[in-house]
């Protein structure tokens with residue numbers, strides 16, 4: 001029996017939905033920040049003052065300057081799980097913002113190539129922490145029926161950051177001095193300082209508080225998120241559910257190590273990592289980091305290339321709005337599947353127009369890139385940040401998400417580093433190559449990704465069939481020949497299981513049926 005503690009005193013004026021919205025806005029500054037950082041280099045690397053200052057760097061030097069941020073991000077995102085468990089989600093957010101601000105200052109005041117590299121790596125350290133902890137924090141404070149929408153709004157902030165940096169690059173390109181690239185870099189420091197100040201005022205994740213025996217503080221946050229009344233039945237029920245889950249995990253005696261996480265939840269970890277890997281292999285950073293170069297390849301030169309990138313970024317932002325409403329109505333799978341199809345077609349068309357190189361090619365490439373960006377912004381942009389923290393259990397959520405995020409930055413670095421070289425060596429073939437990866441991601445989602453729409457985080461085991469697997473193991477000696485014993489996490493991804501261990505016959509799906517959602521955990525219980 002879980003005893004509900006008296007909540008700690010609160011001086012918070014915002015409660016309920018206003019509190020949830022304000023938390024989401026401040027947390028989203030973290031993703032706005034690394035969205036800005038991803039885009040800011042795309043415009044300044046084509047500027048004449050930047051190129052002159054750094055001695056007209058070749059493709060390899062530009063690729064390293066852009067992509068080295070991912071090295072720093074990879075290192076700290078891999079460690080962010082442990083840091084987030086020790087100092088909390090709020091503390092990790094604050095540390096990440098401070099580190100990023102320091103890195104931005106070094107980039108702004110750079111004296112040469114290697115100083116810029118150091119600044120980019122340090123900023124990467126901050127980005128790694130922020131990109132790991134923000135999705136975790138957002139998922140842990142969000143109600144199940146709005147969790148997807150809030151995560152998608154968060155991604156919109158990421159793209160707003162990217163768009164802001166592109167337009168900042170464009171307007172500063174009219175400055176006839178080194179300020180044309182130093183000012184865009186300095187803006188990072190202002191945003192980082194605002195985020196650090198906001199992190200100090202945000203409440204801690206209630207799930208982290210309860211998991212670290214700060215029950216009164218955790219219950220206080222749940223009460224505030226549900227309107228401020230300590231007798232609110234939703235807050236009490238949520239507290240009991242989280243506490244029950246924590247006690248159950250502790251009673252199991254399983255260590256919270258990376259080894260045990262891999263041993264018990266290998267499939268979940270691989271799914272989380274694959275979502276982030278394909279988010280990069282599907283080609284987005286060819287556009288995000290090098291959009292002006294792509295448009296220059298197509299025939300738009302100099303400042304016009306940056307202008308086309310800016311226009312593209314505005315449409316990119318608009319494309320991230322539909323998932324606010326669709327992700328908790330349609331589900332995750334239909335959005336990922338449809339996005340993969342549109343991206344594959346548009347990338348292949350981009351390569352084809354560059355190959356035939358006719359007078360219409362510049363305009364055609366702009367249209368293809370805009371369609372691609374819109375498809376990504378509606379699908380593979382937001383959902384790989386939503387999916388990993390959703391499917392990970394509380395006890396290893398920070399570690400699991402840190403692995404998926406480090407996968408993002410590893411592939412981010414790979415794509416960012418090789419793209420300038422590939423643009424020169426294989427030219428138009430680069431774009432159909434990424435279209436092929438989009439097709440691969442379609443196959444992966446179709447066969448392996450379960451639907452998580454509307455499932456409380458504490459009930460995600462049901463989606464992956466782990467309740468059935470544990471029951472099967474306990475009764476294995478008595479029921480060795482029972483067909484139910486064949487149910488495990490593998491089959492639950494490809495079929496529908498019920499809580500009592502029986503298995504429903506999977507529905508046969510045609511090409512239109514693949515977009516139908518899978519049953520939620522609540523439906524499986526009935």
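Note that Cβ sites are derived from N, Cα and C of the backbone, with glycine treated the same way.
Note that this is a predicted model, so its numbers are computed, not measured.
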Can you identify, from 246-268, 269-291, 407-429, the stretch that TrEMBL calls transmembrane segment?
269-291
Out of 179-200, 201-222, let me know the one TrEMBL marks transmembrane segment.
179-200
Which one of these stretches, 59-80, 147-168, shows up in TrEMBL as transmembrane segment?
59-80
